[in-house]
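Student: Quick one: structure below, then a few questions.
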Amino acid sequence: MTEEYRTSFTVEQLIQSNDFEVVHKAVNVDRVRLYTPEFNRPGLQLCGFYTKFVSDRIQIIGGAEWHYLKALDPEVRRSRLKTLFEHEIPVLIVTRGQEIFPEMLQFAGEHDCTILRTVDPTSRAVNNLINFMDAALAPTIRKHGILLDIYGVGVLIVGDSGIGKSETALDLIVNGHKLIADDSVRIRKLENRLIGTSPKVTRHFMEIRGIGIIDVERLFGIGCIMEEKEIELVIHLTQWDDFADYNRLGIEDERVSILDISLPKVEIPMRTGRNTAVIIEIATRNFKQKEMGYNAALALNQRVLESIEENKRNR
């Protein structure tokens, strides 16, 4: 099961993730959400031009805007700022550590708008904001499965409900590997990478049929958990089928697409007596070997071809 998110972030998250001085904090700072990775420098608006003004974005007062406001007659400045705040902007950021005009504080209080300040020059502040917004607003889905760090590789284990994913993951944790998410994996697309995390509510918990909920961090220690991990390999657990055509050589990799990023996939049929955890460990080691340029199936194939050629020459 895959569920897509409409990504957003709150002004509170913006404050917590960046080094801003909070000049004025709105009462509803944890409820004001932004949905676009864009910002606006309201130079034209401070001149009185509001046609096509995008008021739902972060508003940045840089050096040029600040010096323009400073040069205005106090009554005119008051009027221009009053109009800006009347458009219900979500947050105002002042760069270069510049003075906060008293009118800004007054209208921010009247319209419950957060004002932040940074000593960074505008260009650096903008770069930091872009990096934050790209991460916060990255395309995101929620996928049913388990995410583990196995030998440093982010392995997403998927399969039908009841197939034994959690029990297999528990075996892997006992073997020293690390849990990132159980049952529900939140996957974000950052450039050409997929980053998996757990929903905050279920973080570090697992459900084991017959036992119930367990706390992995408390049972096995902090060394057996991680907050997030790049997903590099997908393991698909399936029911054993005597008539299925399973991959027996591994010359050609199967692949699966998640958020338009292609990942290698290994299908492992479940059967009584098979040590699935060990098989997943071997699949992960094999993946790492392939990443380093060695493919055992191709090596064997080459050896067979060389043997055939040698037999032909010896006839």
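Backbone N, Cα and C atoms are what each Cβ position is placed from, and that goes for glycine too.
Keep in mind that this is a model prediction, so the values were computed, not measured.
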Student: Which range, 77-82, 119-124, 269-274, does TrEMBL list as region 'Important for the catalytic mechanism of dephosphorylation'?
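Tutor: Matching range for region 'Important for the catalytic mechanism of dephosphorylation': 269-274.
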Student: Select one residue from ASP160, ASP183, GLU207: among these recorded positions, choose the one with the most other Cβ atoms within 10 Å of its Cβ.
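Tutor: It comes out as ASP183.
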Student: Per residue, counting other C-beta atoms within 10 angstroms of the C-beta, which of the recorded positions HIS144, LYS165 reaches the highest number?
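Tutor: Answer by Cβ density within 10 Å: LYS165.
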Student: Tell me, in order along the sequence, which binding-site residues from ASP160, GLY164, GLU207 have their CA within 10 Å of HIS144 (active site).
Tutor: ASP160
Student: On the 0 to 100 scale, where does the mean pLDDT of the domain 'HPr kinase/phosphorylase C-terminal' (136-303) fall?
Tutor: 91
Student: Give me the CA-CA distance between LYS165 (ATP binding site) and GLU207 (Mg(2+) binding site), in Å, as a whole number.
Tutor: 10
Student: Out of GLY159, GLY162, give me whichever of these binding-site residues has the highest number of other Cβ atoms within 10 Å.
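Tutor: Output for this query is GLY159.
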